[in-house]
Amino acid sequence: MTDNSALPPYPPPLSEAQLDELKTHAVDWALAHGLVVRAPTSSGASPAESAVPAVTHAPVALFPSPFPRKLFEQALVLQPLFNELVDNVARDHEFLTEVMDSLAKVDDFTGRLYDIYKRVHEEGISQSISLGLHRSDYLLHVPADAPNTEPVLQQVELNTIASSFSSLSHLTHDLHRFLAKRTGFFNDASLPSPDITLDALPENTSIRSIAKGIGKAWELYEVPTAVAVMIVQPGERNAFDQRWIEYKLFEEYNVPLLRLSLAEMLQQCKLNGTGKRLMRGNTEIAVVYYRAGYAPTDFPSQKEWDARLLIERSKAIKCPNIAHHLVGTKKVQQILAKSGLVERFIFDKKKAEALRASFTGLYELDDTPAGHAAAKMALENPGRFVMKPQREGGGNNIYGDDIPGHLSAMSVTERNAYILMDMIRPPQLINIMVRHGALIKGEVVSELGIYGLWLSDKGVVHLNENGGHLLRTKAANSNEGGVAAGFAVLDSPLLI
Ligand code: ADP
Ligand code: MG
Ligand code: MG
């Protein structure tokens, strides 16, 4: 970052008493406005005690974190291009088959998803409408050997399934606005640049965007009595982020949304005759939106796999369909970074270049000369890399110095289930995080997510836009960034 020494200190230096007042405002505003998660159940609680509904505030940053406006805008511009890329890749059967044939051999979970893909491909796809509600995540990068250069935007990953926090992210923006106005503790004079005002907190459409995608898909389905289903994990703590989608969908599109686990889906729903309409009793399901089904733990038995197949075979619009789901794997991300691959799917040279500019180094770890060279590079210089399996939800990656031990213990075949990625090094800032009612001050880094809305039918694109943003902030010394996984807090960008 540039030299900030001439600027006012940020966050503003408040007294203990002021910080405490700010925290009380933050926590109570969060509780009053549904910026909440279910409280963890204590292990000693009786069944009667556990049945009492209990919530706690979502973990949040006390102050919005400064973020370069130019790079924020760059991420917004990229989103429709990524949406288009995902759909074009998902419709390329030859490409997906080639990638997944080899990945399925080394990764059971992806292999089982791919079995579903193959099954419906053979049988014939019963729904041509694709609904994508993605989130592309970025870190800013400053090279370790050139700390004074301007940061650049680098993509961490692109999520095509269960992209969470669109509702709570929006509420965090509202919280920061409220705190700024109500307390005056971070007035304009204390913002990181003299010409910055609170208008630097950008509008966020994210609380409406997922509902918009589901609502517009429901309209295309053209069955006025049909409902939407959200596939949820049993015991989900992040239930209110999801409930806000349900409420917005009902308020704005008059569409009821049911929450079902995969096991409940199998138990309660079936296909109706040759039309393959997905029915729950007499109620038809128009859209199935997954907030579960991305991790092996979501499939404890064959029942859940049967439910996933049932949905995929049906006429319901799935978000994501199995092809979009597979395009979200880290392996596809790595392959798309190879020379000429983005260009295979995005013909416009400028668009392809813009996408590429957000990629960091991505390498295969397979049994090819390139794979061996990447493994050698990681063993010699592990601090420069992150190793990633085909998993979602946080907590799965292997970082820096942990890489050699893992790599050496793996056969070359096993390595193929992972990809290698350059370590992105975001600039560090100071902020204060509020978690379980306590303040944690320290050096932090932020990860920006941009939601993407895509809705298409046989080459006709009905929706292709960005759907608002998410900023997650974590302690600078923590590798991972998930909020639900307990590493990060919800934040909002203060554009500088
Ligand atoms: P998941 O699908 O489990 O969320 P990610 O690829 O997003 O997997 O990795 C989880 C977290 O690990 C990210 O939120 C980020 O904080 C960190 N991370 C991932 N890739 C990199 C990278 N290349 N450089 C630095 N940090 C990374
Ligand atoms: Mg992910
Ligand atoms: Mg992630």
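Cβ from N, Cα, C; glycine included.
Annotated substrate binding site per TrEMBL: Arg135, 161-164, 236-238, Gln242, 291-294, Arg472, 483-484, in sequence order. Among the features that TrEMBL reports, ATP binding site is placed at Glu157, Lys330, 388-397, Tyr399, 421-424, Glu447, Lys474, Glu480. Positions annotated as Mg(2+) binding site by TrEMBL: Glu157, Asn159, Glu392. Annotation source TrEMBL lists domain 'Glutathione synthase substrate-binding' at 227-327.
This view paints the features noted in TrEMBL onto the structure.
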| residue | record | Cβ contacts under 8 Å, 6 or more apart |
| --- | --- | --- |
| Arg135 | substrate binding site | Leu158, Asn159, Ser163, Ser166, Gly449, Ile450, Tyr451, Gly452, Leu470 |
| Glu157 | ATP binding site | Ser136, Asp137, Lys330, Gln333 |
| Ser164 | substrate binding site | Asn238, Asp241, Gln242, Arg291, Val483, Ala484 |
| Arg237 | substrate binding site | Val37, Arg38, Pro40, Ala484 |
| Ala292 | substrate binding site | Ala162, Ile231, Val232, Gln233, Glu236, Ser261, Leu262, Asp298 |
| Tyr294 | substrate binding site | Ile161, Ala162, His325, Glu392, Gly393 |
| Pro389 | ATP binding site | Asp107, Lys330, Asn396, Asn397, Ala417, Tyr418 |
| Tyr399 | ATP binding site | Val386, Met387, Met423, Asn479 |
| Lys474 | ATP binding site | Val444, Val445, Ser446, Glu447, Glu480, Gly481, Phe487, Ala488, Val489 |
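A Cβ within 8 Å of the Cβ centre of Glu157, Asn159, Glu392, the residues given for Mg(2+), is found for these other residues of the same chain: Arg135, Asp137, Leu158, Thr160, Ile161, Ser163, Tyr294, Gly328, Lys330. Neighbour density at the Cβ, taken as the number of other Cβ atoms within 10 Å, is lowest among the binding-site residues Ala162, Met423 for Met423.
Sequence-distant contacts (6 or more apart, same chain, Cβ under 8 Å) of Gly395 (ATP binding site) comprise Glu480, Gly482, Ala485, Phe487.
Every protein chain shown contributes to the tally, and the Cβ of Asn159 (Mg(2+) binding site) ends up with 21 other Cβ atoms within 10 Å. Within 10 Å of the C-beta atom of Glu392 (ATP binding site) sit 21 other C-beta atoms, taking all shown protein chains into account. Around the Cβ of Gln242 (substrate binding site), a 10 Å sphere holds 21 further Cβ atoms from the protein chains shown. Closeness to ligand 2 is met by Glu157, Asn159, Glu392, these being the binding-site residues among Glu157, Asn159, Glu392, Tyr399, Met423, Val483 whose Cβ falls under 6 Å from the molecule.
Residue density at Val483 (substrate binding site): 26 other Cβ atoms are found within 10 A of its Cβ, drawing on all protein chains shown. For ligand 3, the nearby binding-site residues are Glu157; that is, of Glu157, Ala162, Ser164, Glu392, Met423, these have a C-beta under 6 Å from one of its atoms. Checked against ligand 1, the binding-site residues Glu157, Gln242, Pro389, Glu392, Tyr399, Met423 give Glu157, Glu392, Met423 as the ones with a Cβ under 6 Å from it, listed in sequence order. A mean pLDDT of 97 is what the model gives for the domain 'Glutathione synthase substrate-binding' (227-327).
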